[in-house]
């Protein structure tokens with residue numbers, strides 16, 4: 001622990017805490033990173049005390065540098081941490097880990113005069129030459145030299161096959177990774193694929209067919225003189241009967257070069273395209289947009305299936321212009337047809353943005369509910385016949401008595417007299433049965449309406465009118481008796497005190513005739 005605590009002190013420790021782990025990042029170095037680096041040095045047989053000086057850090061870098069290209073992430077992190085500590089001991093101003101690594105590289109190059117001590121990340125992949133050369137065949141010292149594929153390239157190819165499972169992305173991925181490769185390198189890539197042996201067998205069959213067709217189209221010219229390079233056969237292009245040196249000579253000879261690497265790549269691309277169709281049996285005609293699927297997701301699926309189709313570009317263009325709109329859902333199709341003839345993809349994506357999503361469904365639902373819940377439109381004739389509200393309190397139209405702002409009207413609203421309400425108003429007309437609880441006039445007999453100012457001279461034609469008037473007067477008297485019972489009781493008591501008999505009206509003839517109307521029921 002003593003060595004760990006004495007590695008950086010004072011200003012050096014403060015300087016360490018100002019250096020960022022990554023360019024533009026928020027995290028910075030702490031003392032715990034030095035403790036971690038000291039623990040990792042024990043695994044490589046290096047003493048912790050080497051971190052206390054600039055020379056000791058340089059010895060650590062000399063040991064770790066050759067292992068960085070193929071080392072683990074912990075080894076690379078240890079190398080980066082030691083570079084930062086070396087810069088602090090050397091009083092070099094750095095802001096982050098990348099700056100410290102660059103300073104260390106320049107120092108190592110200046111001391112040794114070569115780039116042997118530099119990490120592999122800074123080494124060029126191929127030396128410069130007049131003609132140049134694609135990786136892995138490089139032109140060094142006037143000769144073409146073959147460099148095998150790196151494990152990183154092979155690992156990238158295997159991951160591509162395992163993750164995409166021979167999707168449409170495998171073909172362009174193979175083209176990028178096999179650029180400039182010889183048939184020997186391409187066979188290495190194919191041999192690294194462990195799974196999907198059915199697809200590998202399909203590719204082998206395609207290679208055999210293309211090799212046989214090559215032999216038919218390129219027959220052997222005849223016996224060759226000694227020392228002359230022979231012409232490649234189909235098996236030579238496939239890398240089964242040729243060496244790497246012969247393949248390089250065919251590719252880069254000055255007269256009539258044969259790009260065996262590119263030819264072999266085309267054969268494999270044909271096989272990969274068949275594998276893509278086998279592993280992706282969905283036809284582009286079956287790609288249709290779902291009722292709730294966003295238009296952008298539908299376009300992604302459409303173009304992914306179109307990418308797997310091995311057809312003429314003109315046919316693909318027709319599919320894009322016709323099927324993309326034809327297989328859209330009704331909502332998006334209605335929007336796309338409004339864009340006119342041959343709209344661009346950008347216009348279609350912009351116009352259909354949000355169509356079919358939750359926002360658009362919510363708007364449609366809100367509009368539907370608004371139509372259902374909202375009041376039904378009133379016909380013009382019915383609106384003209386509708387009468388306006390009339391207030392019983394102030395007599396004005398346009399509002400009801402409950403909404404009236406005028407002072408509350410006292411007394412009966414019909415006759416204006418106090419002491420009763422409109423329901424019990426004596427001025428209300430009633431039939432021979434009196435005022436019923438229904439609040440309307442009885443319909444037993446028609447009531448003759450006599451105009452004001454006119455008195456009929458002749459007796460009524462119908463005798464029932466005279467009888468109805470008598471019933472109305474009798475009903476009026478009965479209402480008055482019901483409304484003032486206390487007054488009648490007091491009058492009876494006064495008559496008894498005076499020794500008189502209380503006056504009672506005898507039953508009228510009209511009420512006696514009422515019994516005859518109903519027979520024996522009364």
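Cβ atoms here come from the backbone N, Cα and C positions, even for glycine.
Feature annotations, courtesy of Swiss-Prot:
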- 7-31: region 'Interaction with Gp41' (REGION)
- 12-19: region 'Interaction with host AP3D1' (REGION)
- 111-136: region 'Disordered' (REGION)
- 191-228: region 'Interaction with host PPIA/CYPA and NUP153' (REGION)
- 473-522: region 'Disordered' (REGION)
- 16-22: motif 'Nuclear export signal' (MOTIF)
- 26-32: motif 'Nuclear localization signal' (MOTIF)
- 456-459: motif 'PTAP/PSAP motif' (MOTIF)
- 389-406: zinc finger (ZN_FING)
- 410-427: zinc finger (ZN_FING)
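With helix defined as DSSP H, G or I and strand as E or B, the motif 'Nuclear localization signal' (26-32) counts 2 helix, 1 strand, 4 coil. Shown for the region 'Interaction with host PPIA/CYPA and NUP153' (191-228): DSSP residue counts in helix, strand and coil, namely 22 helix, 0 strand, 16 coil.
Mean pLDDT for the region 'Interaction with host PPIA/CYPA and NUP153' (191-228) in the predicted structure: 84.
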